[in-house]
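Student: What TrEMBL records for Cys43, Cys79, Cys113 is [4Fe-4S] cluster 1 binding site. Annotation source TrEMBL lists [4Fe-4S] cluster 2 binding site at Cys188, Cys192, Cys195. According to TrEMBL, the domain 'MTTase N-terminal' annotation covers 34-150. Among the features that TrEMBL reports, domain 'Radical SAM core' is placed at 174-410. The domain 'TRAM' annotation in TrEMBL covers 413-476.
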Amino acid sequence: MSLITSRLEILKEEDKKDLDVARVSVDEESSNKRKLYIESYGCQMNFADSEIVASILRENGFATTSKIEEAELILLNTCAIRENAEQKVRNRLQHLVPMKKKRQQVKIGVLGCMAERLKTKFLEEEKIVDMVVGPDAYRDLPNLINEVEDGQKAVNVFLSREETYADITPIRLDSNGVTAFISIMRGCDNMCSFCVVPYTRGRERSRDPFSIVKEATELFEQGYREVTLLGQNVDSYKWKGVNGELNTTTFANLLEMVASINPDLRVRFSTSHPKDITDDVLYAMKKHENVCKYIHLPAQSGSSRILDLMNRTYDREWYMGKIDRIREILGVECGISQDMITGFCTETEEDHHDTLSLMDYVKYDYGYMFAYSERPNTPAAKKLTDDIPAEVKNRRLTEVIAKQQLHSLERNQMAIGKVHKILVEGFSKRSAEHLCGRNDQNKMVVFPKENFKKGDYVNVLVTECTAATLIGKAVEEVLV
Ligand code: SAH
Ligand code: SF4
Ligand code: F3S
């Protein structure tokens, strides 16, 4: 099995909210509360879950801290998507051993997808761990913590068909106060053969749309100006209503409901599975100016033969047809990004070239690219052989990344000379004299701050770019 560092962050210099990157909890005001330190790995859904965990534990006498040395309880919210994501957590646990020796009273819990995958084996493999909690068992945390404090080890990895944590208001950790994530569904019913998520997150279930609209409305009232609706496959969102009060709410309906809260609240969503994104969703995007024209549409491969082995349920031509439809309804400006996997089982040079040529066809704005990492007990691990050598996976990955970089630059160059509406997220990482924020297509834009501030919408004329960032200056009016 290869240990390839598969996540390469190449493009968004200003955007570090990425997969496999740990994020830690913030300092909550608290004088007499017990201190909790949470570190999150993996995708935005895991980060969103950490905010639910912080909320549950706040009700039970804990306040988050960013200082691990003062915490009584340390929680690692883990990811299992690739082997290196798990290795990162194991390294982190090893790192904590000396601290645990010094402060025996500190309790260490692992949450999330790796906890769900390994279950009680986690306790055997990593002696430092006191508690293992799967993604659907967070309401049980207070009980589990009590058990641990009584000197026992505690485990709850029960996966639910109903849990959506709809009634829990997340505590926004590490927030810029302008953009926030809202989980609209949990789990995944697709069976992509390479993927561990259906086993770590369980069956797909959608959250009550009214609780979603309420959360988005409250965020807007608190000054937030952008929400991203999150799910592994948002386009299959479906809420059946209660007692026939309501017809089924689809994702297109939900998008419209959230977009109608206020025209100044931007709405984004992720991730779209190509098989599920409908014309209704595309038309809802077109109808509402505040639904951002950006779609994350992972292809995974450009080869129909590989897509079949991956069980993605579409082929190359079908995917291209979907791209054509997006361009037809939303225009060529609509941002599109991809996920690609290189070196999946049996992938030939020809298959790899199909991936490169699909990229040439689409010209994605951005991409997340990975070398295939076999995950235990997935259909691919059971039925196929992980037969592509690490060097080949990596070489193909490098080629895919190089192509993406060219396309990102090309797409960014299209933005030059135009005025873009930017939602300011804060200062640029490089200079306190510059602000940064995104345009509709999710591209990061940097410009001199003048008198603007976080949360403002600013019209920026883009004058230059790199493959990662657009650069410009504020102008009075939108040019046509
Ligand atoms: N639900 C999303 C993806 C979630 S996982 C979707 O269907 O698109 C994020 C990305 O990780 C996937 O799109 C895929 O590109 C990558 N990934 C998942 N399993 C992987 C594996 N075993 N090896 C390498 N990359 C993987
Ligand atoms: Fe994994 Fe496929 Fe579900 Fe995405 S849609 S989470 S890749 S099984
Ligand atoms: Fe990782 Fe689980 Fe997300 S495996 S990518 S944290 S759903």
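Just so it is clear, glycine is given a Cβ too, placed from its N, Cα and C backbone atoms.
Since we're looking at a predicted model, the values are computed, not measured.
Context for these features, please: burial, neighbours, distances.
Tutor: Its Cβ taken as reference, Cys79 ([4Fe-4S] cluster 1 binding site) is surrounded by 28 other Cβ atoms within 10 Å in the chains shown.
Annotation note: Cys195 ([4Fe-4S] cluster 2 binding site) sits in a coil segment as assigned by DSSP. There are 21 other CB atoms within 10 A of the CB of Cys195 ([4Fe-4S] cluster 2 binding site), with all protein chains counted.
In the predicted model, residues of the domain 'TRAM' (413-476) average a pLDDT of 96.
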Student: How many neighbouring Cβ atoms, not counting its own, are there within 10 Å of the Cβ of Cys113 ([4Fe-4S] cluster 1 binding site)?
Tutor: 27
Student: With Cys79 ([4Fe-4S] cluster 1 binding site) as the reference Cα, tell me which of the binding-site residues Cys188, Cys192, Cys195 is the closest one.
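Tutor: Checking each of Cys188, Cys192, Cys195 against Cys79 ([4Fe-4S] cluster 1 binding site), the shortest Cα distance is to Cys195.
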Student: Summarise the domain 'MTTase N-terminal' (34-150) by DSSP state, stating how many residues are helix, strand and coil.
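Tutor: DSSP composition of the domain 'MTTase N-terminal' (34-150): 62 helix, 24 strand, 31 coil.
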Student: Please check the binding-site residues Cys43, Cys79, Cys192, Cys195 against ligand 3 and give me the ones with CB under 6 A, sequence order.
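Tutor: Among the binding-site residues listed, those whose Cβ sits under 6 Å from ligand 3 are Cys43, Cys79.
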Student: About how far apart, in whole Å, are the alpha carbons (Cα) of Cys188 ([4Fe-4S] cluster 2 binding site) and Cys113 ([4Fe-4S] cluster 1 binding site)?
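Tutor: That comes out at 13 Å between the alpha carbons.
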Student: For the [4Fe-4S] cluster 2 site given as Cys188, Cys192, Cys195, which other residues of the same chain have their Cβ within 8 Å of the site's Cβ centre?
Tutor: Asn190, Met191, Phe194, Val196, Val197, Pro198, Gln232
Student: Ligand 2: which of the binding-site residues Cys79, Cys188, Cys192, Cys195 have a Cβ closer than 6 angstroms to it?
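Tutor: The ones that qualify, in sequence order, are Cys188, Cys192, Cys195.
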Student: Using DSSP, how many residues of the domain 'TRAM' (413-476) fall into helix, strand and coil, respectively?
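Tutor: Taking the domain 'TRAM' (413-476) as a whole: 1 helix, 34 strand, 29 coil.
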